[in-house]
Amino acid sequence: MLFGQHLVKDVVVNAIKAHWHNENPKKPLVLSFHGYTGSGKNYVAEIIANNTFKQGLRSNFIQHIVATNDFPDKNKIEEYKTELRNRILTTAQKCHRSIFIFDETDKLPEQLLGAIKPFLDYYSKISGVDFRRSIFILLSNKGGGKIAEITLKQYENGYPREQLRLESFERDLMNFSFNEKGGLQMSELISNHLIDHFIPFLPLQREHVKSCVGAYLRKRGRADLVSNVEFVEKVLNSLQYFPESSKAFSSSGCKRVDAKTDLELAKIRPLIHSSQFDDEL
Ligand SMILES: Nc1ncnc2c1ncn2[C@@H]1O[C@H](COP(=O)(O)OP(=O)(O)OP(=O)(O)O)[C@@H](O)[C@H]1O
(Lines of atoms letter the chains of each structure in order from A; the text may use other names.)
(Lines give C-alpha, C1' and ligand atoms only; values in the text may rest on other atoms or scores of the structure.)
Protein backbone atom coordinates (compact mmCIF):
# COMPACT_ATOMS: atom_id res chain seq x y z
CA MET A 1 0.00 0.00 0.00
CA LEU A 2 1.40 3.38 -1.03
CA PHE A 3 0.92 6.21 1.47
CA GLY A 4 0.88 9.98 0.94
CA GLN A 5 1.48 10.03 -2.81
CA HIS A 6 -1.83 10.97 -4.43
CA LEU A 7 -0.14 12.34 -7.58
CA VAL A 8 1.89 9.22 -8.11
CA LYS A 9 -1.13 6.93 -7.89
CA ASP A 10 -3.08 9.05 -10.28
CA VAL A 11 -0.49 9.65 -12.97
CA VAL A 12 1.37 6.34 -12.91
CA VAL A 13 -1.69 4.10 -13.00
CA ASN A 14 -3.34 6.06 -15.81
CA ALA A 15 -0.15 6.48 -17.83
CA ILE A 16 0.57 2.75 -17.75
CA LYS A 17 -3.03 1.82 -18.52
CA ALA A 18 -3.07 4.20 -21.48
CA HIS A 19 0.24 2.83 -22.77
CA TRP A 20 -0.89 -0.78 -22.47
CA HIS A 21 -4.21 -0.14 -24.16
CA ASN A 22 -2.67 1.82 -26.98
CA GLU A 23 -2.60 -0.52 -29.99
CA ASN A 24 0.03 1.51 -31.69
CA PRO A 25 2.28 3.51 -29.32
CA LYS A 26 4.71 5.78 -31.12
CA LYS A 27 7.42 5.45 -28.47
CA PRO A 28 8.09 3.68 -25.18
CA LEU A 29 6.51 5.11 -22.06
CA VAL A 30 9.12 7.11 -20.14
CA LEU A 31 8.41 8.09 -16.53
CA SER A 32 10.77 10.22 -14.48
CA PHE A 33 10.33 9.82 -10.71
CA HIS A 34 11.70 12.61 -8.50
CA GLY A 35 11.86 13.02 -4.75
CA TYR A 36 13.74 12.66 -1.51
CA THR A 37 15.01 9.36 -0.21
CA GLY A 38 12.46 6.90 1.18
CA SER A 39 9.44 8.50 -0.45
CA GLY A 40 8.61 5.38 -2.46
CA LYS A 41 10.26 5.67 -5.89
CA ASN A 42 11.77 2.17 -5.87
CA TYR A 43 8.70 0.83 -4.12
CA VAL A 44 6.41 2.06 -6.92
CA ALA A 45 8.79 0.70 -9.57
CA GLU A 46 8.56 -2.65 -7.77
CA ILE A 47 4.74 -2.49 -7.68
CA ILE A 48 4.74 -1.87 -11.44
CA ALA A 49 7.11 -4.82 -11.92
CA ASN A 50 4.92 -7.08 -9.75
CA ASN A 51 1.81 -6.10 -11.63
CA THR A 52 3.41 -6.74 -14.99
CA PHE A 53 5.40 -9.94 -14.48
CA LYS A 54 4.79 -12.91 -12.20
CA GLN A 55 8.38 -12.81 -11.00
CA GLY A 56 8.36 -9.06 -10.44
CA LEU A 57 11.82 -7.52 -10.26
CA ARG A 58 13.38 -10.97 -10.72
CA SER A 59 11.76 -11.36 -14.13
CA ASN A 60 14.07 -11.75 -17.12
CA PHE A 61 12.09 -9.01 -18.79
CA ILE A 62 13.08 -6.38 -16.26
CA GLN A 63 16.39 -4.59 -16.04
CA HIS A 64 17.04 -2.77 -12.80
CA ILE A 65 20.09 -0.61 -13.36
CA VAL A 66 21.72 1.07 -10.36
CA ALA A 67 24.20 3.68 -11.55
CA THR A 68 26.76 3.53 -8.73
CA ASN A 69 26.63 -0.24 -8.47
CA ASP A 70 26.58 -1.22 -12.14
CA PHE A 71 28.85 1.51 -13.49
CA PRO A 72 31.27 2.46 -10.72
CA ASP A 73 34.45 3.14 -12.76
CA LYS A 74 34.57 6.42 -14.70
CA ASN A 75 37.43 5.07 -16.83
CA LYS A 76 35.32 2.28 -18.27
CA ILE A 77 32.56 4.36 -19.82
CA GLU A 78 33.07 3.01 -23.35
CA GLU A 79 32.89 -0.56 -22.05
CA TYR A 80 29.80 0.29 -20.00
CA LYS A 81 28.10 1.88 -23.00
CA THR A 82 28.34 -1.34 -24.99
CA GLU A 83 27.30 -3.41 -21.99
CA LEU A 84 24.27 -1.21 -21.27
CA ARG A 85 23.19 -1.18 -24.91
CA ASN A 86 23.42 -4.98 -25.10
CA ARG A 87 21.54 -5.41 -21.85
CA ILE A 88 18.71 -3.24 -23.12
CA LEU A 89 18.60 -4.83 -26.56
CA THR A 90 18.68 -8.46 -25.41
CA THR A 91 15.97 -7.85 -22.81
CA ALA A 92 13.61 -6.13 -25.24
CA GLN A 93 14.29 -8.87 -27.78
CA LYS A 94 12.84 -11.42 -25.32
CA CYS A 95 9.74 -9.37 -24.52
CA HIS A 96 8.44 -6.24 -26.19
CA ARG A 97 6.80 -5.17 -22.91
CA SER A 98 10.09 -5.12 -21.03
CA ILE A 99 10.62 -2.65 -18.22
CA PHE A 100 13.86 -0.74 -17.63
CA ILE A 101 14.38 0.89 -14.26
CA PHE A 102 17.28 3.31 -13.89
CA ASP A 103 17.93 3.98 -10.22
CA GLU A 104 20.09 7.00 -9.31
CA THR A 105 19.69 8.46 -12.80
CA ASP A 106 21.31 11.65 -11.50
CA LYS A 107 24.50 9.66 -10.87
CA LEU A 108 24.50 8.04 -14.31
CA PRO A 109 27.43 9.46 -16.33
CA GLU A 110 26.32 11.81 -19.12
CA GLN A 111 27.59 9.48 -21.85
CA LEU A 112 25.54 6.58 -20.51
CA LEU A 113 22.40 8.68 -20.32
CA GLY A 114 23.17 9.67 -23.90
CA ALA A 115 23.54 5.99 -24.83
CA ILE A 116 19.99 5.18 -23.72
CA LYS A 117 18.47 8.14 -25.56
CA PRO A 118 17.81 6.31 -28.87
CA PHE A 119 15.83 3.65 -27.02
CA LEU A 120 13.44 6.29 -25.66
CA ASP A 121 12.89 7.89 -29.02
CA TYR A 122 10.26 7.67 -31.76
CA TYR A 123 11.98 4.91 -33.74
CA SER A 124 10.07 1.91 -35.01
CA LYS A 125 13.09 -0.36 -34.53
CA ILE A 126 16.59 -0.20 -33.09
CA SER A 127 18.94 -2.98 -34.24
CA GLY A 128 15.82 -4.85 -35.31
CA VAL A 129 14.10 -4.51 -31.94
CA ASP A 130 10.83 -2.63 -31.40
CA PHE A 131 10.87 -0.67 -28.12
CA ARG A 132 7.59 1.14 -28.45
CA ARG A 133 5.71 -1.08 -26.01
CA SER A 134 8.37 -1.05 -23.33
CA ILE A 135 8.51 1.17 -20.25
CA PHE A 136 11.48 3.17 -18.98
CA ILE A 137 11.43 4.44 -15.41
CA LEU A 138 14.08 6.96 -14.37
CA LEU A 139 14.51 7.49 -10.62
CA SER A 140 16.38 10.37 -9.04
CA ASN A 141 16.58 12.60 -5.98
CA LYS A 142 16.77 15.64 -8.27
CA GLY A 143 14.22 18.29 -7.54
CA GLY A 144 13.57 16.74 -4.10
CA GLY A 145 14.34 20.06 -2.40
CA LYS A 146 11.93 21.97 -4.61
CA ILE A 147 9.20 19.36 -4.13
CA ALA A 148 9.68 19.60 -0.35
CA GLU A 149 9.55 23.41 -0.54
CA ILE A 150 6.22 23.40 -2.42
CA THR A 151 4.74 20.74 -0.13
CA LEU A 152 5.92 22.60 2.98
CA LYS A 153 4.31 25.84 1.81
CA GLN A 154 1.02 24.01 1.36
CA TYR A 155 1.40 22.47 4.82
CA GLU A 156 2.24 25.78 6.49
CA ASN A 157 -0.69 27.49 4.80
CA GLY A 158 -2.94 24.83 6.28
CA TYR A 159 -4.12 23.34 2.98
CA PRO A 160 -4.29 19.57 2.43
CA ARG A 161 -1.44 18.22 0.32
CA GLU A 162 -4.00 16.29 -1.71
CA GLN A 163 -4.95 19.61 -3.30
CA LEU A 164 -1.51 19.88 -4.91
CA ARG A 165 -1.64 19.23 -8.64
CA LEU A 166 0.97 17.89 -11.01
CA GLU A 167 1.22 21.28 -12.71
CA SER A 168 2.51 22.80 -9.45
CA PHE A 169 5.68 20.74 -9.86
CA GLU A 170 6.21 19.92 -13.51
CA ARG A 171 7.90 23.14 -14.63
CA ASP A 172 10.26 23.13 -11.65
CA LEU A 173 11.19 19.51 -12.22
CA MET A 174 11.94 20.18 -15.87
CA ASN A 175 14.09 23.20 -14.96
CA PHE A 176 15.95 21.24 -12.33
CA SER A 177 16.63 18.38 -14.66
CA PHE A 178 17.98 20.89 -17.15
CA ASN A 179 20.21 22.87 -14.88
CA GLU A 180 21.82 20.44 -12.50
CA LYS A 181 24.87 18.24 -13.06
CA GLY A 182 24.22 15.69 -15.76
CA GLY A 183 21.74 18.18 -17.16
CA LEU A 184 22.97 18.26 -20.73
CA GLN A 185 21.71 14.83 -21.75
CA MET A 186 18.66 15.18 -19.56
CA SER A 187 17.84 18.46 -21.29
CA GLU A 188 18.04 16.68 -24.65
CA LEU A 189 15.54 14.11 -23.42
CA ILE A 190 13.25 16.92 -22.30
CA SER A 191 13.54 19.16 -25.34
CA ASN A 192 12.90 16.19 -27.60
CA HIS A 193 9.83 15.36 -25.49
CA LEU A 194 11.09 11.88 -24.74
CA ILE A 195 10.06 12.00 -21.08
CA ASP A 196 6.31 11.58 -20.91
CA HIS A 197 5.72 12.37 -17.24
CA PHE A 198 7.71 14.00 -14.46
CA ILE A 199 6.32 12.55 -11.26
CA PRO A 200 6.95 14.21 -7.90
CA PHE A 201 7.19 12.04 -4.80
CA LEU A 202 6.22 14.28 -1.90
CA PRO A 203 8.13 14.14 1.39
CA LEU A 204 6.26 11.94 3.86
CA GLN A 205 4.69 13.30 7.03
CA ARG A 206 4.69 11.63 10.40
CA GLU A 207 1.19 10.25 9.78
CA HIS A 208 2.39 8.50 6.61
CA VAL A 209 5.38 7.04 8.41
CA LYS A 210 2.94 5.85 11.09
CA SER A 211 1.01 4.02 8.36
CA CYS A 212 4.29 2.45 7.19
CA VAL A 213 4.97 1.26 10.75
CA GLY A 214 1.46 -0.24 10.89
CA ALA A 215 1.91 -1.99 7.56
CA TYR A 216 5.23 -3.45 8.66
CA LEU A 217 3.84 -4.63 12.01
CA ARG A 218 1.03 -6.44 10.19
CA LYS A 219 3.55 -8.03 7.85
CA ARG A 220 5.53 -9.23 10.88
CA GLY A 221 2.38 -10.77 12.41
CA ARG A 222 2.20 -8.12 15.15
CA ALA A 223 -1.09 -6.43 14.21
CA ASP A 224 -1.76 -6.30 17.97
CA LEU A 225 0.83 -3.51 18.27
CA VAL A 226 -0.60 -1.25 15.56
CA SER A 227 -2.86 0.56 18.05
CA ASN A 228 -0.25 0.51 20.80
CA VAL A 229 0.44 4.25 20.88
CA GLU A 230 3.49 3.98 23.11
CA PHE A 231 5.17 1.41 20.85
CA VAL A 232 4.39 3.23 17.59
CA GLU A 233 5.50 6.59 19.04
CA LYS A 234 8.84 5.06 20.06
CA VAL A 235 9.47 3.99 16.48
CA LEU A 236 8.36 7.36 15.09
CA ASN A 237 10.53 9.25 17.56
CA SER A 238 13.59 7.24 16.56
CA LEU A 239 13.50 8.86 13.09
CA GLN A 240 14.60 12.36 12.06
CA TYR A 241 12.26 15.09 10.82
CA PHE A 242 12.70 18.38 8.95
CA PRO A 243 12.61 21.40 8.80
CA GLU A 244 13.81 22.22 12.28
CA SER A 245 10.94 24.69 12.84
CA SER A 246 7.93 22.42 12.18
CA LYS A 247 9.46 18.95 11.82
CA ALA A 248 6.77 18.35 9.23
CA PHE A 249 8.49 15.66 7.17
CA SER A 250 10.48 12.51 7.77
CA SER A 251 14.09 12.93 6.57
CA SER A 252 14.27 9.32 5.40
CA GLY A 253 10.62 8.90 4.44
CA CYS A 254 9.61 5.35 5.26
CA LYS A 255 13.04 3.99 4.44
CA ARG A 256 14.32 3.04 7.89
CA VAL A 257 10.94 2.05 9.29
CA ASP A 258 11.48 -1.72 9.07
CA ALA A 259 14.81 -1.59 10.88
CA LYS A 260 13.57 0.82 13.56
CA THR A 261 10.44 -1.25 14.16
CA ASP A 262 12.52 -4.43 14.42
CA LEU A 263 14.69 -2.72 16.99
CA GLU A 264 11.72 -1.79 19.17
CA LEU A 265 10.27 -5.28 18.71
CA ALA A 266 13.53 -6.78 19.91
CA LYS A 267 13.40 -4.63 23.03
CA ILE A 268 9.99 -5.93 24.07
CA ARG A 269 10.72 -9.57 23.24
CA PRO A 270 11.64 -11.29 26.47
CA LEU A 271 12.63 -14.53 24.73
CA ILE A 272 16.39 -14.33 24.83
CA HIS A 273 17.98 -13.73 28.22
CA SER A 274 21.38 -12.17 28.06
CA SER A 275 22.88 -15.16 29.93
CA GLN A 276 21.51 -17.49 27.23
CA PHE A 277 22.97 -15.18 24.64
CA ASP A 278 26.41 -15.45 26.25
CA ASP A 279 26.14 -19.26 26.20
CA GLU A 280 25.25 -19.26 22.53
CA LEU A 281 28.26 -17.13 21.75
N1 LIG B 1 4.89 6.31 0.13
C2 LIG B 1 5.14 5.12 0.68
N3 LIG B 1 4.12 4.30 1.06
C4 LIG B 1 4.39 3.10 1.62
N5 LIG B 1 5.64 2.63 1.85
C6 LIG B 1 6.67 3.38 1.48
C7 LIG B 1 6.48 4.66 0.88
N8 LIG B 1 7.69 5.19 0.63
C9 LIG B 1 8.60 4.30 1.04
N10 LIG B 1 7.99 3.21 1.55
C11 LIG B 1 8.67 2.05 2.16
O12 LIG B 1 10.02 2.40 2.37
C13 LIG B 1 10.89 1.54 1.63
C14 LIG B 1 11.98 2.38 1.01
O15 LIG B 1 11.43 3.25 0.03
P16 LIG B 1 12.01 3.37 -1.46
O17 LIG B 1 13.19 2.47 -1.62
O18 LIG B 1 10.90 3.19 -2.42
O19 LIG B 1 12.50 4.87 -1.44
P20 LIG B 1 13.15 5.69 -2.64
O21 LIG B 1 12.27 6.89 -2.85
O22 LIG B 1 13.38 4.83 -3.81
O23 LIG B 1 14.51 6.17 -1.97
P24 LIG B 1 15.97 6.42 -2.60
O25 LIG B 1 15.92 7.75 -3.29
O26 LIG B 1 16.87 6.47 -1.40
O27 LIG B 1 16.29 5.28 -3.51
C28 LIG B 1 10.00 0.85 0.60
O29 LIG B 1 10.46 -0.44 0.33
C30 LIG B 1 8.66 0.82 1.28
O31 LIG B 1 8.58 -0.30 2.12
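Every residue gets a Cβ built from N, Cα and C, even glycine.
Shown in sequence order, Asn141, Gly144, Ile147, Ala148, Phe201, Pro203, Ser251, Gly253 are the residues of the chain, 6+ apart in sequence, with a C-beta less than 8 angstroms from the C-beta of Tyr36 (ATP binding site). Residues or ranges marked as ATP binding site in TrEMBL: Gly35, Tyr36, Thr37, Gly38, Ser39, Gly40, Lys41, Asn42.
Within the model, the domain 'Torsin-1A C-terminal' (207-262) carries an average pLDDT of 97. Taken from TrEMBL, the feature domain 'Torsin-1A C-terminal' applies to 207-262.
Around Lys41 (ATP binding site), taking its Cβ as the centre, 25 other Cβ atoms fall within 10 Å, counting all chains.
Checking the binding-site residues Tyr36, Thr37, Gly38, Gly40, Lys41 against ligand 1 with a 6 Å cutoff on the Cβ atom leaves Thr37, Gly38, Gly40, Lys41, in sequence order. Neighbour count (other Cβ atoms within 10 Å of the Cβ, all protein chains): 31 for Ser39 (ATP binding site).
Summary for the binding-site residues Thr37, Asn42: the Cβ-based neighbour count within 10 Å is maximal at Asn42.
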